[in-house]
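**Student:** Pulled from TrEMBL, these are the listed features:
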- 16-222: domain 'Thiaminase-2/PQQC' (DOMAIN)
- 51, 92, 144: substrate binding site (BINDING)
- 214: active site, proton donor (ACT_SITE)
């Protein structure tokens, strides 16, 4: 039982081991500037256009994850959870279009920057049939969790988030999305508990790469190269 409990906490164990990297992704100067009200709105607009491109690449990744769950999952409810993510993305794409119109960001003329292109290529690599479901669902959890923690912090006590950016923060920082991320984490932990060492190692490496790409994406949004 002790060994089982240890494995069930694999995600938390990794977050403890890689705390500096996780904190860099979830308490990045870009989102902290939203929280303290000092955000450069040109940086926010840059993030908006680039993240729209990323979300469009995120859709086929989740579709591939759904297929992996159908083939490999030991729990049918995983499919329902992932389907929920796909359904939410439909609304998310529409939200980006509305926000872009509000902020006068031309999505059709937005060119993906280097950090975005590299992140999207990484997503595409995870769609390969050779990538295990456990590795892919760990990546899915990590991508969602970074946004949830980052934007929830912008809504927590003491924040000075500008009124016009609160809807953005609420989209990812709300309690419902937090619960969804917790469900994804439980799925990843369940899979990791039953996985051989090579899959566990690949999942950990994938988690670290996601966090690195998230930091680079935030850096890009601030205008850093």
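Heads up, the Cβ atoms here are built off N, Cα and C, so glycines get one too.
In TrEMBL, annotation is done automatically, which means it is predicted and not curated.
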**Student:** Using other CB atoms within 10 angstroms as the count, which residue among the recorded positions 51, 214 scores least?
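**Tutor:** Lowest Cβ count within 10 Å among the recorded positions (51, 214) is 51.
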**Student:** Same-chain residues six or more away whose CB lies under 8 A from the CB of residue 92 (substrate binding site)?
**Tutor:** 55, 171
**Student:** Under a criterion of Cβ-Cβ distance under 8 Å and sequence separation of at least 6, what residues of the same chain contact residue 144 (substrate binding site)?
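**Tutor:** Residue 144 (substrate binding site) has long-range Cβ partners 85, 177, 180, 181, 184.
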**Student:** To the nearest Å, how far is the Cα of residue 51 (substrate binding site) from the Cα of residue 214 (active site, proton donor)?
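**Tutor:** So the Cα of residue 214 (active site, proton donor) lies 11 Å away from that of residue 51 (substrate binding site).
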**Student:** Within the same chain, and leaving aside 51, 92, 144, name every residue whose CB is within 8 angstroms of the centroid of the CB atoms belonging to the recorded substrate site, in sequence order.
**Tutor:** 54, 55, 58, 89, 143, 147, 171, 172
